[in-house]
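Asks: One structure coming up, written as structure tokens, with questions to follow.
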Amino acid sequence: MIKTFHYRKIAQDGCARRGEIITGRGRIRTPAFMPVGTAATVKAMYMDQLRDLGTDIILGNTYHLMLRPGAERVARLGGLHEFARWPEPILTDSGGFQVMSLAGICKVTEQSVIFRSYLNGAQYEMSPERSIEIQGLLDSDIQMQLDQCIALPAKEREIEAAMELSLRWAQRCKTAFGHQPEKAMFGIVQGGDNMKLRERSALALKEMDLKGYAIGGLAVGEPQDVMITVLDATCPLLPEDKPRYLMGVGTPDDILKSVARGIDMFDCVMPTRAGRHGLAFTRFGRINLRNARYAEDSCPLDPQSPCPAARDYSCAYLHHLIKSGESLGGMLLTWNNLSYYQQLMQGIRDAIEAGCYADFCAETTSAWMQGDKILEN
């Protein structure tokens, strides 16, 4: 029996929601953090490790997989789940952000985006229909509409034109996606930092009756208060019975504040990228293992952590690995960071169910103050 894609709210504390998303490949507990698997791999992690950490869903990158190894090849090899040996749900982005941020030459028309590969300069065309076709070949469970991403700051007329084009592309993506009960296509709210444009985008997408809604165009260098203002203006406009996804966010603090405003799903490269550069996320805050103070520190990152990387290795050893450029250092810190993120999400879910989310946030942020920031004062 095919499981129909749907969202079920289990508990609510203020605007914070505890729920679950049911897909054809399993359940996603929300709020959820999705590790980013750009090229069919979450860097420095085995899939079994991700599963053991409590990961319900990962993200795949349509743009990178389209260029290498190619969506058609992935399809011939059984789809992205079989190719990467990850049987659980996968969300794929549309490729729009990477097309417009990485492409050396990019031309946007009503019909599509024309760009050149950063690998070999070959020319490609990405239309809303082609984006959905590629995501279908990858066989992802949640597929994103193709949208036009505008770098801020930008003129209001440019932001408005991109938002309106994204709405037209959303309708074309919905048509191309068709009827797939066990899967979903999400629309993406755009509009930059203009609240009126954000409102128009959200309400127009709501009228399309999609299975989920994302908020895009944030986490691109704007101050956190701008992000919060956008969420405060946008989240109340989105359907209560559909999942809400904040794209590209973020830091643990961003996640706490966004959940408080009704966000259900997150993705970000931060825990993996930071780990490769010597930065650990812990319940005591951020720890920079490159710092010389850890050269003779025999203590682990967190003796109470369920993750062996945090519990079983001394800070001195981790410092040595990072300073020596040993790949094991980045692997261990990535493991630690993703473990911490999933512990944080479980704590968030438990707190919402218990009706004490505000207290959880206060206690968590207070504990973070024990990290490097305090030691440097």
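Backbone N, Cα and C atoms are what each Cβ position is placed from, and that goes for glycine too.
In TrEMBL, annotation is done automatically, which means it is predicted and not curated.
Checked TrEMBL, it gives:
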type: ACT_SITE; residues: ASP93; note: active site, proton acceptor
type: ACT_SITE; residues: ASP267; note: active site, nucleophile
type: BINDING; residues: ASP93, SER94, GLY95, GLY96, PHE97, ASP147, GLN190, GLY217; note: substrate binding site
type: DOMAIN; residues: 15-367; note: domain 'tRNA-guanine(15) transglycosylase-like'
type: REGION; residues: 248-254; note: region 'RNA binding'
type: REGION; residues: 272-276; note: region 'RNA binding'
Asks: Please state whether DSSP places GLY96 (substrate binding site) in a helix, a strand or coil.
Replies: helix
Asks: Give me the count of other Cβ atoms within 10 A of the Cβ belonging to SER94 (substrate binding site).
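Replies: Its Cβ shell of radius 10 Å holds 29 other Cβ atoms.
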Asks: Who sits close to GLN190 (substrate binding site): which same-chain residues at least 6 apart have their Cβ under 8 Å from its Cβ?
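Replies: Long-range Cβ contacts: ASP147, GLN148, CYS149, ILE150, ILE159, ALA162, MET163, SER166, LEU197, ARG198, SER201, GLY216, GLY217.
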Asks: Select the most exposed residue of ASP93, ASP147, ASP267, where exposure means the fewest other Cβ atoms within 10 Å, treating these as the recorded positions.
Replies: ASP267
Asks: State the non-local partners of the region 'RNA binding' (272-276) in its own chain: residues 6+ outside its ends, Cβ under 8 Å from one of its Cβ atoms.
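Replies: Distal contacts: 35-36, 42-45, 330-338.
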Asks: Any idea what the model's mean pLDDT is for the region 'RNA binding' (248-254)?
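Replies: On average, pLDDT over the region 'RNA binding' (248-254) sits at 95.
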Asks: Using only the residues recorded as binding substrate (ASP93, SER94, GLY95, GLY96, PHE97, ASP147, GLN190, GLY217), report the maximum Cα-Cα distance in Å, whole number please.
Replies: 15
Asks: Near the Cβ of GLY217 (substrate binding site), how many other Cβ atoms are there if near means within 10 Å?
Replies: 30
Asks: Using DSSP and collapsing to three states, where does the residue listed as 'active site, nucleophile' fall: helix, strand or coil?
Replies: strand
